[in-house]
Ligand code: SAH
Ligand code: SF4
Ligand code: F3S
């Protein structure tokens with residue numbers, strides 16, 4: 001039986017199928033349950049209108065689906081995925097499921113996956129291997145794969161061929177369809193696959209169960225149209241589409257009213273915010289200007305692309321207030337030639353010019369970055385340019401990666417003459433510089449009084465509290481548990497490479513403590 005008829009036959013058993021009535025309807029129904037991903041389709045980005053939906057609701061027939069059942073979601077990858085997990089958890093809760101933090105007593109296990117590099121994918125395949133025994137012991141358990149890997153044809157084919165413990169695969173555009181997908185999986189007991197390849201939709205009223213009550217993530221836009229030649233994200237996340245400003249502002253006002261202290265705005269390239277509005281001249285700088293007026297202590301954003309970082313945005317960020325003095329500005333390489341073949345659309349000189357503008361307007365700004373080493377045919381000289389740019393900018397932290405070819409991207413077709421040994425050695429050298437400069441940046445805080453948002457007990461020592469400064473530096477210090485969730489003043493007494501140690505100076509009501 002081929003895949004199509006296998007899935008088709010599984011539907012014949014479905015007594016609730018609304019489309020069982022006629023041949024024509026039936027084929028429509030079949031489409032909905034088996035839509036495999038296509039990288040080619042994902043690249044065909046038309047000018048179709050972004051459709052905004054505000055009508056998400058759990059269908060009557062699915063209510064109570066989760067009664068006496070528990071869900072477990074393991075999240076890989078970036079904040080975007082973390083936040084999608086919060087949405088899926090919200091949907092599970094509305095269906096009546098309870099959360100659990102162990103796979104052993106879960107009735108549904110989801111792996112929310114990341115496709116950015118090969119090792120991210122290998123972790124997921126390894127985990128699927130581990131989960132096989134659970135399925136053998138309890139055939140009723142459902143295992144699902146979602147997130148960015150599901151958007152890749154090769155991954156879906158590999159799962160179909162090798163991992164028959166998987167019950168459902170759904171894509172990043174199909175999250176709101178979770179109730180229908182679960183329903184199919186319960187009924188058919190066959191692998192249910194629903195992955196839409198390109199999508200221009202924004203769905204507004206999805207439920208969410210947020211992790212924590214101090215910091216929150218808020219999507220401001222979805223997708224990416226940059227197509228950097230090494231990157232899979234434009235294929236896995238669809239085209240750039242912005243949420244309407246009023247929806248974002250309302251969500252953040254609501255978070256502020258609930259007592260959240262910090263909001264991180266999410267988008268693959270937040271500086272492109274608003275470029276897709278046809279009826280509105282409203283960009284990221286305008287949004288930040290409006291968000292400054294909301295009573296939430298800190299507003300951050302992830303990630304900004306140097307290309308769309310305009311003067312208005314710099315001007316607004318310079319006003320400070322709740323807009324933090326930390327900018328993550330991925331550079332990827334210090335060589336203009338490499339940047340060109342990466343299709344980043346800026347040169348080393350442009351990047352440095354932008355950094356200068358930022359530093360002039362916001363002298364206190366901390367800059368952090370992402371760097372890829374060992375891009376195909378990167379020469380020693382080109383790598384040295386990355387090292388020198390790193391020093392010249394004075395980055396405080398970098399996330400550094402060895403280039404990983406991603407199937408379907410232009411860079412994956414490039415012949416590469418750089419041996420892996422050389423790439424590893426370059427990464428080591430770069431990481432040494434990153435460590436040294438992080439330590440240097442930390443040292444600057446020694447003896448200073450910094451404002452810390454207290455997040456909880458330190459992971460390593462429950463007697464110590466931990467929190468972050470506006471520049472995202474981890475601070476450990478002793479203090480009463482009552483100040484968790486508050487902004488407090490801490491005097492730094494010791495600066496390590498990755499964290500600071502200090503003493504509590506003042507709690508918010510102005511009372512002096514300790515010294
Ligand atoms: N939208 C963000 C990046 C998101 S991906 C931006 O453009 O800045 C996070 C980081 O992963 C990237 O900045 C890049 O450094 C790294 N990355 C992406 N694709 C990669 C690949 N194929 N191999 C190695 N690193 C990669
Ligand atoms: Fe990937 Fe480039 Fe888009 Fe960032 S901007 S997500 S690196 S394609
Ligand atoms: Fe990974 Fe997808 Fe994020 S590929 S980095 S989870 S957008």
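Using the three backbone atoms N, Cα and C, a Cβ is placed for every residue, glycine included.
Straight from TrEMBL, the features:
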BINDING   78, 114, 148  [4Fe-4S] cluster 1 binding site
BINDING   224, 228, 231  [4Fe-4S] cluster 2 binding site
COMPBIAS  16-25  compositional bias 'Basic and acidic residues'
DOMAIN    69-187  domain 'MTTase N-terminal'
DOMAIN    210-440  domain 'Radical SAM core'
DOMAIN    443-506  domain 'TRAM'
REGION    1-25  region 'Disordered'
> DSSP helix, strand and coil counts for the domain 'TRAM' (443-506)?
Replying inline: 4 helix, 35 strand, 25 coil
>> With an 8 Å cut-off on Cβ distance to the 224, 228, 231 Cβ center, who else from the chain surrounds the [4Fe-4S] cluster 2 site?
In response: 226, 227, 230, 232, 233, 234, 268
>> DSSP on the domain 'MTTase N-terminal' (69-187): how many residues come out helix, how many strand, how many coil?
In response: 66 helix, 23 strand, 30 coil
> Which binding-site residues among 78, 114, 148 have CB under 6 Å of ligand 2?
Replying inline: none
>> Just to confirm: which same-chain residues, 6+ apart in sequence, have a Cβ under 8 Å from the Cβ of residue 224 ([4Fe-4S] cluster 2 binding site)?
In response: 231, 233, 234, 237, 240, 268, 269
> Given the binding-site residues 78, 114, 148, and counting only Cβ atoms in the protein chains shown, which has the most within 10 Å of its Cβ?
Replying inline: 148
> In sequence order, which residues at least six apart in the same chain have a CB under 8 Å from the CB of residue 228 ([4Fe-4S] cluster 2 binding site)?
Replying inline: 332, 342, 343, 344
> Averaged over the whole of the domain 'TRAM' (443-506), what is the pLDDT?
Replying inline: 95
>> Give me the sequence-ordered set of same-chain residues, not including 78, 114, 148, with a C-beta within 8 angstroms of the centroid of the [4Fe-4S] cluster 1 site's C-beta atoms.
In response: 76, 77, 80, 81, 113, 115, 116, 120, 147, 233, 236
> If you draw a 10 Å sphere on the Cβ of residue 231 ([4Fe-4S] cluster 2 binding site), how many other Cβ atoms land inside?
Replying inline: 22
>> Checking proximity to ligand 3 here: which binding-site residues out of 78, 114, 148, 224, 231 have their Cβ closer than 6 Å to it?
In response: 78, 114, 148
> So which binding-site residues out of 114, 148, 231 are up against ligand 1, CB under 6 A?
Replying inline: 231
